[in-house]
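**Q** First the structure, which I've put down as structure tokens, then a few questions once you've had a look.
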Amino acid sequence: MQSDDRSVREGSDSSQTFLMKMAQPTGELTHPSQQQQQQLLQQQSFRSIFGGASDTAEEIDTETDSNHRRPHSFGAAATTPAKLANKNVAPFLVKHIPEQYGPLGSRRTDKLEDLSSPNSKFCYRHRPDLKCRRQADEPSMDKLQRELETLPPSDQQGIAHVWSLFSAAPAKHRKLILQGIMAQCCFPQLSFVSATVRDLIRIDFLTALPPEISFKILCYLDTTSLCKAAQVSSRWRALADDDVVWHRMCEQHIHRKCKKCGWGLPLLERKRLRESKREIELRATTWDVSGPAQNAGGAECSAPHADDVITQKRKADSSDDETAIVKRHCSSLDARPEPDEDYYTTRYRPWKEVYKDRFKVGTNWKYGRCSTKVFKGHTNGVMCLQFEDNILATGSYDATIKIWDTETGEELRTLRGHQSGIRCLQFDDTKLISGSMDRSLKVWNWRTGECISTYTGHRGGVIGLHFDATILASASVDKTVKIWNFEDKSTFLLRGHTDWVNAVRVDTTSRTVFSASDDCTVRLWDLDTKACLRTFHGHVGQVQQVVPLPREFEFEDHDAECDNDNMSTTSGDTESNSLQATLGLESNATETSVFGPSFDNGRPAPPRYIVTSALDSTIRLWETTTGRCLRTFFGHLEGVWALGADTLRIVSGAEDRMVKIWDPRTGKCERTFTGHSGPVTCIGLGDSRFATGSEDCEVRMYSFRN
């Protein structure tokens, strides 16, 4: 209890020692009348603040009047004010600050009694054990000191006594003193108090709060406010620039539309984004109060390098001078690894730098700022393409596949082997699969140009293919979809379309396949039961493309336009439309059950939204669970041959030689690109660029990175 009492008493302002010295008799007032007048003035001031017995006040007033009439009298009345001052002021100071003001032997030993008194409670700003206690402002105290020194010594002593009394008073007495002073202030003085208090009551709440709460507050700010917060102080900058805050910002905006601000940033590998979330949350609770921990959380606490779709890895590249300067080492800067170990050490960028990079790309997409590169080499129309990192693969009616370096524009190699025009292709890190009008599919080592194997089975030309993991689906002129299983070497056909099947998309998560056909329909197939789960009707022209949207895509139902479109219908082999309308979408179980009994046991549902294009010059956005057409995109003058989509935009190419970029949520055409002299037949879409192929034998790549 003694130590607690000592800590409470030490909670007074750091300038109290100076004030106490000023409160002691100065010794400079040697003339009795001057000393008497000063003490009388002090006593009058104190009693006007604290109040007192009326007889004492009358005695002081009488003596004051007597002194005014007899300024040089040194009678017994001259000693009375000094005694009264000592009687009323000194005991007050001794009671509340005995360590600094009380004479020897007069200090109280009963600490328990002092602490039990309600007057011993200090307000939170003067408790030394509280973090948010306001410290003395050194510049203000220096200014106060200089102004005080300009006054006569008698005035200095009187003012110092008032300060000493207030500094020594507990919370209850302080309020009374302030109320009395405020009651006597005029309007200019009250205005001065208001202006002064406005600044004094401000506290650094981010420093006072625990780090995890400070991060929670900062996560509610937008990017502009965060940057302004970082300019407040070094402490605020450490908090506002921390990975905890900017990881949340990336998670909220990258590859999706933010519901608050409407902004969405280009694609980032969301798997890595989700994997690092737990480490970021742990980092927030273990943040060092003296500043952010160096490389806390290791590799998982940093963002993957968002350079391109699918293969964005935030590994340092010596050729990337622009980003290398902001990358940081994951290991300690003091412990330098061996040269070989340093060579293989992964480097990372702060999440703020990742957001900054994505924001620049997103702004370029919004305003159409891009650079264009043209690839020429094919002797006939380009019908298919795909790009990853700096590799571009194109297939043409000249029966060749060309591999390009997107950075230099150089043709790396040409793959020859098909006997007719190539209508579709897809590649990954190890292989490239192509489909041709010669009814075959070929598997290539695109790095060497070697044809590894050839698959036949269709009775017509192969005009569409898509593989995911171990499943390959091919679409053919023979009106069928063929499924190839690389794992068990099995194959089977999906029959149901009545005309050419132009495009297929495999979803291995739900084990389903989408197909688009010249019979103006889109079908959803179950790979386990080989049954058609859903048929989408609505297009009045041959459907050329179908693209499932990522599962992160969100669409507000109130934005739907085609709810009452009688021409947009759906049919299923196991359910009726009325049953689909009756079943809600309130849970995942309900969402999967609309596709049949095979989805009742927790099997993942197919992608909820798909986008299709047709030769009726329109693009449609569908909801797979109900079969509704949510939105129709109008703008192309002729049939839409090519389509690409992600969570932020839809890119389409048509017979009218134009490429259009759409907002999938509003249906608005954001930008139109021209340049091809023939119909646009294929499109590849990435996070910061897209490529188009045309019957004019050219491929054009638009980059929004620079």
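The backbone N, Cα and C atoms fix where each Cβ goes, and this holds for glycine too.
Swiss-Prot feature annotations, pasted as is:
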- 1-12: compositional bias 'Basic and acidic residues' (COMPBIAS)
- 34-43: compositional bias 'Low complexity' (COMPBIAS)
- 203-249: domain 'F-box' (DOMAIN)
- 1-43: region 'Disordered' (REGION)
- 56-76: region 'Disordered' (REGION)
- 377-414: repeat 'WD 1' (REPEAT)
- 417-456: repeat 'WD 2' (REPEAT)
- 458-494: repeat 'WD 3' (REPEAT)
- 496-537: repeat 'WD 4' (REPEAT)
- 589-632: repeat 'WD 5' (REPEAT)
- 635-672: repeat 'WD 6' (REPEAT)
- 675-706: repeat 'WD 7' (REPEAT)
**Q** State the mean pLDDT for the repeat 'WD 2' (417-456).
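**A** The average pLDDT of the model in the repeat 'WD 2' (417-456) works out to 96.
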**Q** State the non-local partners of the repeat 'WD 3' (458-494) in its own chain: residues 6+ outside its ends, Cβ under 8 Å from one of its Cβ atoms.
**A** 420, 423-426, 433-441, 500-508, 513, 515-517, 525, 527, 530, 532
**Q** Can you tell me how the residues of the repeat 'WD 6' (635-672) break down into helix, strand and coil by DSSP?
**A** 0 helix, 19 strand, 19 coil
**Q** Taking residues 6+ outside the repeat 'WD 1' (377-414), which of them lie with a CB under 8 Å of any CB in it?
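**A** That would be 307-311, 420-428, 432, 434, 436, 444, 446, 449, 678, 681-684, 686, 689, 691, 693-699, 701.
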**Q** Below 8 angstroms Cβ to Cβ, which residues of this chain, lying six or more residues outside the repeat 'WD 7' (675-706), approach it?
**A** 266-268, 306-309, 312, 361, 364-365, 369-376, 378-387, 392, 394, 396, 404, 406, 638, 641-646, 649, 651-659
**Q** In the repeat 'WD 2' (417-456), how many residues does DSSP put in helix, strand and coil?
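**A** Counting residues per DSSP class in the repeat 'WD 2' (417-456), I get 0 helix, 24 strand, 16 coil.
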